[in-house]
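Peer 1: TrEMBL lists these features:
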- 756-779: compositional bias 'Basic and acidic residues' (COMPBIAS)
- 14-198: domain 'Glutamine amidotransferase' (DOMAIN)
- 241-502: domain 'Indole-3-glycerol phosphate synthase' (DOMAIN)
- 595-769: domain 'N-(5'phosphoribosyl) anthranilate isomerase (PRAI)' (DOMAIN)
- 750-779: region 'Disordered' (REGION)
């Protein structure tokens, strides 16, 4: 692939922008120093084209994320130009350099976003002539790991207070990198560092004697020459776990002191049963083997930003519909960028599913207050970390969690901690392959501890470092019952496909969403009409209870119709088959699930379902009719409160009235209240809220159906199942089905006699035959 014209000429300085605003600060500084800078994004050209570039020097800019996953062509550019031209890396640029030469990028031990540190350095190359202890601006949580730094790289600078690596240099190539931001207005001597870099020429230090890199008369940098001193410095820095513990302790104290969220307030909220009900954590885990614990994780101390723009509710629903058994929500705000709001919204997003995942509050739990918070925000379980808690505190928190109906997930990292978890009586134990003191990952940790729980009623979970199906297969063979996956899922382009691959499950073949529409005959007045419609193949019969309707029937007649239709019966074998069809652990969006369930009921019951139609009538009257006439569904045609969908003991069809401009469809896909949606033609106020034999523009209905519902993943199986009404007749219903593809077609006046006094048997049969012969299309 050839280069674009602006890159085909010889270039002075090429800067690769890792999607960071600081790139332009670098550009300004270097331009003012006389450099001719060409800037390209890290995805501007393929890696194969790098060799075609003609450049005098290369700069790798700062950027969010991790160098392995977020630096684009930066690392390949370093590989190609190292030893050929001078290279300078800034922040992520340093991390790219270390990674290219075999080092490890991990948590720096501190998060520095816009904070100042004083810099110690070796006085060579880019640091030549700069004073010791100058101030620098830092924006990072990752850094090079001293223990894994490759021999080809030398440490050139460190933070004066904490000993974190602030600079590295290749020992032979003219390649230098700094972790801090010399281009920041708060950093001192940035222009001096850039001027020193621009004076470099060629790819080797031996070509640049004035840089003093190879001058043996200068003393070595202290961080390299005195390992004892470095160890002492490192020992003064608290471990990551200690830092997080200290911060969460402050957070809890602040929350307890806030009016309205004191510990007493939370206790009162729980006693008022304001927390949404939990599901049994252990049962949910055992329903699938292996169970997937899918994590919502925006950032981490070891990887920095992962997916800062992640929407917790959308991510949770995607996980649930893709087969997750548990959704782990990180609620720690400082290092992981989570919140309790994430937990609450994740719970709300999956609450309408028939087999929702359990919700785990993943945090650094040190106080009963946090467990109460978790329960109030919808968690079904919490994480307790053995490494962080004294035995008495661990026992108290475990017991308190059980008292709120939550079996905790107890996390361990070694045999001693596993013994402590088993002594608690833990039924779910997670092995963290990452040591929380230094955040290093050892994938063998779970393997070594698996034997300790064999033969016990314990669900063993592998909690970190899992990136692919090979990891999962290995753990399952060792008896692991659940795996927690975070970063790999957050980065997956197709979450559903990745989960199927991860668990060695075939992706669910797309069900035939283009179901043959069911038929609802509305406005049934007599037992004879009901039997006629049932015999012709109607799936539902509408009984009108609205006083202003000419098709209204008294309750006594509705009871007689119900008795006659129910006399058609359902066999015990059919009942068993019906129950079997509802078993399983799969999830579907709200309306799709209820439509499929109702369709199955119709197919097995052997009779039409009875729908009571009401409009702005008292709830007490509706409930009385449901009980007296044994109605199977209720259809609400007026402005009844949405919450009535939860008060009525049978499925509810909510009618949405579409006007000539397509208005009237607001909140049509809102789940968890009514079970089905019906589109009808809007009419003038004052009369029966219905089509009155008039159609509306079916293109509006088509758009609604194609748009799908909340949580839909695309494709034919994501169509929104609707009931289509309004002006349908035997002559136009086939066209309506072809255009809209409704789940149910609803007719009343279109199958009546000319005088409108009853149903016309011939029209009823022709209507149902037309529906059966219609051809829904996927267009």
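Heads up, the Cβ atoms here are built off N, Cα and C, so glycines get one too.
For each listed feature, how buried is it and what is near it?
Peer 2: Across the compositional bias 'Basic and acidic residues' (756-779), the DSSP tally of helix, strand and coil residues reads 13 helix, 1 strand, 10 coil.
Confidence for the domain 'Glutamine amidotransferase' (14-198), expressed as mean pLDDT, is 91.
With a cut-off of 8 Å between Cβ atoms, the residues of this chain six or more beyond the region 'Disordered' (750-779) that come close are 514, 516-517, 519, 521, 523-526, 529, 532-533, 536-538, 550, 693, 716, 727-731, 733-734, 737-738, 741.
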